[in-house]
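Here is the structure we will look at.
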Amino acid sequence: MSRLVVVSNRIAPPDEHAASAGGLAVGILGALKAAGGLWFGWSGETGNEDQPLKKVKKGNITWASFNLSEQDLDEYYNKFSNAVLWPAFHYRLDLVQFQRPAWDGYLRVNALLADKLLPLLQDDDIIWIHDYHLLPFAHELRKRGVNNRIGFFLHIPFPTPEIFNALPTYDTLLEQLCEYDLLGFQTENDRLAFLDCLSNLTRVTTRSAKSHTACGKAFRTEVYPIGIEPKEIAKQAAGPLPPKLAQLKAELKNVQNIFSVERLDYSKGLPERFLAYEALLEKYPQHHGKIRYTQIAPTSRGDVQAYQDIRHQLENEAGRINGKYGQLGWTPLYYLNQHFDRKLLMKIFRYSDVGLVTPLRDGMNLVAKEYVAAQDPANPGVLVLSQFAGAANELTSALIVNPYDRDEVAAALDRALTMSLAERISRHAEMLDVIVKNDINHWQECFISDLKQIVPRSAESQQRDKVATFPKLA
């Protein structure tokens, strides 16, 4: 039986309990436990890159991690992955800060990781690469003679040609992506956007619906919407409340709660969300004193100016809205710029009447799915969801909104707050059914199954591919 080798920018610590891990970690651990194998990635620490890999083995899984130098971390991670790819893939070209040394560092680190992984590989290993930090990784492995089946899954959106082609190195990135045998995306829109970008660069031959040839390489594209662990989340949500949360729930028993949580990021649409809530207070005054909106947004990438700007903007907006609409004994908006334990959040989800998830652009958004899974089926809350979240393709029984339209979001919030119990139960049941069917294990099993069906590349085909070129289209 072939081993599974997973490569991601970061690896979850071997001693981290699956229930406290994020969605990616849960899916990867499930796949690795089923097949046995290796999880390879950055340790999260800076230091001497020449040090031997740190290896930890538990059961049939080996964790192998490495350090990065300060320069490599800065160029590969901060200045290219997060200052170029992240904003561009989330349709924010205005925030892209392309620097040639950062691009060189991005390629250099991907080559370095390929060098470190190469001695660990076996001939029949199946290799699964994750996310935008590692777009060139298959290219680097192929250069080193690796003919194994290599799959790639992109967790964030893939932009349309008008956005992607603005990147100075777009053509190189597209050619490198063709070195994968299987390219997985969150949504059909992302898959088609990739093919549109590639078609603008070179000729793409499609042999069947999702099997293609471009740049002399044969590969498949497919959609794999990532899921969650609904049973585990329901268990966490239904458990006893900590004393402080139980007291808060009692104090708010006559108040309807609107709740949001995500890390502080410009892609999440937080300023637009605050303005939509203000529109609710302005246009539907009957809710004054009877609702409370809580936004939890822990700082991420706090050293980046764009993130500092959005934090200050939210602080100002929260103060302004509370000053304008607040009353003695009633604060309409609570904004908390701090981290909360994941299990505690599931309990807060459960007693919230409305889950407000309105990113401007998101690959999937697991918070939306977690909110649904955490609800009491007999008395569920209502999900208000952005049409630009990947989850909107599956959770069609949510109240789907355009996050740029504050009046539409306000109207959806009013509808959610006044929705009948029968409608809430019906909508929740439909969404929960989808979430249970397409859970995290279904996601990884589908991807691995499809990757296994691909015939490995031969040394002869690799050599033949080296001389196959296609001109750019005018």
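Yeah, the Cβs are placed from backbone N, Cα and C, and that goes for glycine too.
Annotated features, as they stand in Swiss-Prot:
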type    : residues                                                                     : note
BINDING : Arg10, Tyr77, Asp131, Arg301                                                 : D-glucose 6-phosphate binding site
BINDING : Gly22, Gly23, Arg263, Lys268, Phe340, Leu366, Val367, Ala368, Lys369, Glu370 : UDP-alpha-D-glucose binding site
SITE    : Trp86                                                                        : site 'Involved in alpha anomer selectivity'
SITE    : Ile156                                                                       : site 'Involved in alpha anomer selectivity'
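The distance from the Cα of Lys369 (UDP-alpha-D-glucose binding site) to the Cα of Ile156 (site 'Involved in alpha anomer selectivity') comes to 16 Å. When each of the recorded positions Tyr77, Trp86, Phe340 is scored by how many other Cβ atoms sit within 10 Å of its Cβ, Phe340 comes out lowest.
Ile156 (site 'Involved in alpha anomer selectivity') and Asp131 (D-glucose 6-phosphate binding site) are 7 Å apart (CA-CA, integer value). Of all Cβ atoms in the shown protein chains, 25 besides its own fall within 10 Å of the Cβ of Val367 (UDP-alpha-D-glucose binding site). Taking Cβ-Cβ distances under 8 Å and a sequence gap of 6 or more within the same chain, the neighbours of Arg263 (UDP-alpha-D-glucose binding site) are Ala297, Pro298, Thr299, Ser300. Here the C-alpha separation of Tyr77 (D-glucose 6-phosphate binding site) and Ile156 (site 'Involved in alpha anomer selectivity') works out to 16 Å. Residue with the densest Cβ environment among the binding-site residues Arg10, Arg301, Lys369: Lys369, by other Cβ atoms within 10 Å. The number of other Cβ atoms within 10 Å of the Cβ belonging to Asp131 (D-glucose 6-phosphate binding site), over all protein chains shown, comes to 19.
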